[in-house]
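Chemist: Below is a structure I'd like to ask you about.
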Amino acid sequence: MIDRYILAIESSCDETSVAILKNEDQLLSNIIASQVESHKRFGGVVPEVASRHHVEVITLCIQDALQEAGITAGDLSAVAVTYGPGLVGALLVGMAAAKAFAWANHLPLIPVNHMAGHLMAAQSIADLQYPLLALLVSGGHTELVYVAAPGDYRIVGETRDDAVGEAYDKVGRVMGLTYPAGKEIDQLAHQGQDIYDFPRAMIKEDNLEFSFSGLKSAFINLHHNARQKGEQLRLEDLCASFQAAVLDILMVKTKKALAAYPVKTLVIAGGVAANQGLRERLKEDIKDINVVIPPLRLCGDNAGMIAYAAAVEYEKGHFAELDLNAKPSLAFEGLE
């Protein structure tokens, strides 16, 4: 058997990343150039700043990925790239680099959905069994996805408004926490008590949709009213109460999805999958099913996950022409 090497590029938001995957499961390198420090003072990602940073470092990331993997461009079988969803300017930088590299080295180009990458990062620790259900939770998405077979993704539930990671960052900004706030809120939540009665939107409705805007608004109103009255609120208790509400919503909807779509494997992926509170609740609430969560290093945006998803597309023969364009609002098939 001839070894297959895929070079994958991810630039959908504020991480520039390049990875090399050997065959289906050997991640030889996964270079990540983070821009978090550049965006902290703005309290969120500035698209123009993100694009400029990608331009500055992407060539070096490609060189480092090849060097760390111990291979050359001549060893590669294909080039994969995230083409959506994400920030259009950021996506275009990665795509331009991928297309130029593929053209110069006479390699096929594999287009990869960013969220498929998050989902397939689970392949790094387990040979996934299909059909499976996935809960994808990140700064831009909250989705329940039914995967009948490798590469066959179908959204069966999603948020009507804010993504869960977006809600974390917004309440973190209200409390004066550093962006991104998810990790700090999780840590503070473990030191506090769930004493504030925040809403759990839509958990009694017979559907698989999420809503976090009401929870976010309730949190902001409580914090604002307390400041107006000169009252002191413990951040630990605020975070514990907020996170308890988030986890209740996620668990209720995930259990409903598992009842509607009987599977043997549940994948939890996306940046919010790094949340320790979520991992603890999964152990408590989800029984008699194999729960697979990618390692922390593959939860955030990275090209390693794109490479795992690309391996599936390679086997299916899904390649793109060099006129491939970015799709910032790219989705899976959509709701039933």
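Cβ atoms are placed via backbone N, Cα and C, with glycine included.
Just lifted these from Swiss-Prot, have a look:
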BINDING   His114, His118, Asp301  Fe cation binding site
BINDING   Leu136, Val137, Ser138, Gly139, Gly140, Asp169, Gly182, Asp186, Asn275  substrate binding site
Chemist: Which of the binding-site residues Ser138, Gly140, Asn275 has its Cα nearest to the Cα of His118 (Fe cation binding site)?
Modeler: Ser138
Chemist: In angstrom units, rounded to an integer, how far apart are the Cα atoms of Leu136 (substrate binding site) and Asp301 (Fe cation binding site)?
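Modeler: Roughly 13 Å, rounded to the nearest whole number.
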Chemist: Tell me, how many other CB atoms lie within 10 A of the CB of Leu136 (substrate binding site), whichever protein chain they belong to?
Modeler: 26
Chemist: Determine, for the Fe cation site, the additional residues of the same chain whose CB lies within 8 Å of the mean position of the CB atoms of His114, His118, Asp301; present them in sequence order.
Modeler: Glu10, Ser12, Thr82, Met115, Gly117, Ser138, Gly270, Gly271, Asn302, Met305, Ile306
Chemist: In sequence order, which same-chain residues at least six apart have a C-beta under 8 angstroms from Ser138 (substrate binding site)?
Modeler: Met115, His118, Ala163, Val164, Gly165, Gly270, Gly271, Val272
Chemist: Measure from the CA atom of His114 (Fe cation binding site) to the CA atom of Gly182 (substrate binding site) and give the result in Å, rounded to a whole number.
Modeler: 20
Chemist: Just report the maximum Cα pair distance in Å for the recorded substrate binders Leu136, Val137, Ser138, Gly139, Gly140, Asp169, Gly182, Asp186, Asn275, no decimals.
Modeler: 18
Chemist: List the Cα distance (Å, whole number) between Asp301 (Fe cation binding site) and Asn275 (substrate binding site).
Modeler: 15
Chemist: At the Cα level, what's the spacing in Å between His114 (Fe cation binding site) and Asn275 (substrate binding site), rounded?
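Modeler: Their Cα atoms are separated by 20 Å.
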Chemist: Does anything in the same chain, at least 6 positions from Asn275 (substrate binding site), have a Cβ under 8 Å from its Cβ, and if so what?
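Modeler: Long-range Cβ contacts: Gly182, Asp186, Gln243.
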Chemist: If you draw a 10 Å sphere on the Cβ of Gly140 (substrate binding site), how many other Cβ atoms land inside?
Modeler: 18
